[in-house]
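Relevant sequence annotations retrieved from TrEMBL are reproduced here:
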- C212, C294, C295: Zn(2+) binding site (BINDING)
- 8-309: domain 'Hcy-binding' (DOMAIN)
Amino acid sequence: MDSKEKRRGILERLNAGEVVVGDGGYVMQLERRGYVKAGHWTPEAAVEHPEAVRQLHREFLRAGANVIQTFTFYCSEDKLEISGNVTNITGAQINEAACDLAREVANEGDALVAGCVSKTPCYVKSHSENEVKAIFKKQMDDFLKKDIDFFIVEFVDHVEEAVWAVEVLKTSGKPVGATLCISPHGDMHGVPPGQCAVSLVKAGADIVGVNCHLDPLTCVQTVKLMKAGLEKAGLKAHLMIQPLGFHTPECNIGGYTSLPEYPFALETRAITRWDIHKYAREAYNAGIRYIGGCCGFEPYHIRAIAEEVAAERGFLPPASEKHGLWGAALEMHTKPWVRARARREYWENLLPASGRPKCPSMATPADDYEKQLETKIQM
């Protein structure tokens with residue numbers, strides 16, 4: 001793509017009924033690659049190691065992503081100060097560097113740049129609307145200097161804070177998507193998904209949905225509840241989903257952070273590319289047209305989304321040049337039992353083993369989040 005002017009915006013694409021494929025997770029992938037410190041999860045790598053961020057952007061683009069999100073998770077000044085992990089780089093420097101990297105890679109294809117803001121420690125600490133909005137305003141101003149294409153509010157577990165973020169970002173005049181990290185039971189104050197969606201749309205969100213914390217099919221269920229709430233209220237918005245790339249059948253309100261394996265032993269819970277095909281189809285059938293991923297989603301997962309909706313989009317991503325659909329390339333294998341796996345039926349019906357005979361199939365999540373919810377509801 002030669003120039004930004006040739007691109008259609010996010011709402012133009014969604015209004016036309018197109019499927020928009022989002023990108024995948026950044027903080028967890030970059031932590032595993034040695035560029036993010038777990039616990040802090042701050043994005044200073046955009047300044048310190050731009051080559052690492054740029055490479056991951058490129059892999060998602062090649063896999064079929066239509067949107068490149070800025071690597072600005074947890075980049076509010078209050079979070080950076082609390083983490084103590086970033087002492088010589090400002091939030092503004094990170095935001096601007098992240099915008100430049102995302103735009104550079106987006107320009108290599110027909111992709112848009114989304115400026116992303118996430119929840120702030122200030123909300124829980126002070127619960128001051130003015131203070132929280134001032135933090136979002138500062139981030140918004142950084143993004144507007146770089147003329148991003150639209151905004152995404154992500155990883156917020158209290159709908160009230162997300163509403164405040166949307167209200168600030170809408171003053172930019174750019175489209176705003178808002179994704180909550182909530183379960184089918186609602187946000188951390190017990191606000192149901194349908195009501196959350198209504199509040200976000202009334203605040204001005206053009207796109208609503210969920211991201212992170214729970215596995216794909218659970219997130220699809222939550223977005224369905226959001227859709228039902230909007231329909232009941234007579235409101236309309238585009239639907240968006242960017243779930244966790246791990247199986248979390250025993251989790252609920254607290255999401256995967258309540259699992260004993262979080263964050264350093266989640267590998268055996270990883271979603272396969274075939275799981276992603278099922279997720280993408282379920283999301284599409286639910287009326288969701290912005291389909292991506294969050295923590296745990298690697299480029300091959302994004303490619304699986306793009307391959308599942310290739311008929312609807314009319315093309316395959318560049319990364320499919322190195323991937324036989326449903327294992328077709330295995331027909332060239334020298335072993336006959338491997339060649340026998342070159343078919344869709346095999347992979348769709350496979351029940352993969354973990355290879356860990358002494359491990360349970362599920363764990364007992366910490367119940368801190370559930371206790372917090374009960375306390376807040378009683379209050």
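A Cβ is built for glycine as well, from the same backbone N, Cα and C atoms used for every other residue.
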Excluding near sequence neighbours, so keeping only residues 6 or more apart in the same chain, what lies with its CB under 8 A of C212 (Zn(2+) binding site)?
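Residues satisfying the criterion: E154, F155, C181, Q242, P243, L244, G255, C294, C295.
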Including all protein chains displayed, how many Cβ atoms other than that of C295 (Zn(2+) binding site) lie within 10 Å of its Cβ?
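For C295 (Zn(2+) binding site), the 10 Å Cβ neighbour count is 28.
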When you average the Cβ positions of C212, C294, C295 for the Zn(2+) site, which other residues in that chain have a Cβ within 8 Å of that mean position?
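Neighbours within 8 Å of the Cβ centroid, excluding C212, C294, C295: G25, M28, F155, C181, N211, H213, Q242, P243, L244, G245, G293, G296, F297.
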Counting across all protein chains shown, how many other Cβ atoms sit within 10 Å of the Cβ of C294 (Zn(2+) binding site)?
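Result for C294 (Zn(2+) binding site): 30 neighbouring Cβ atoms inside 10 Å.
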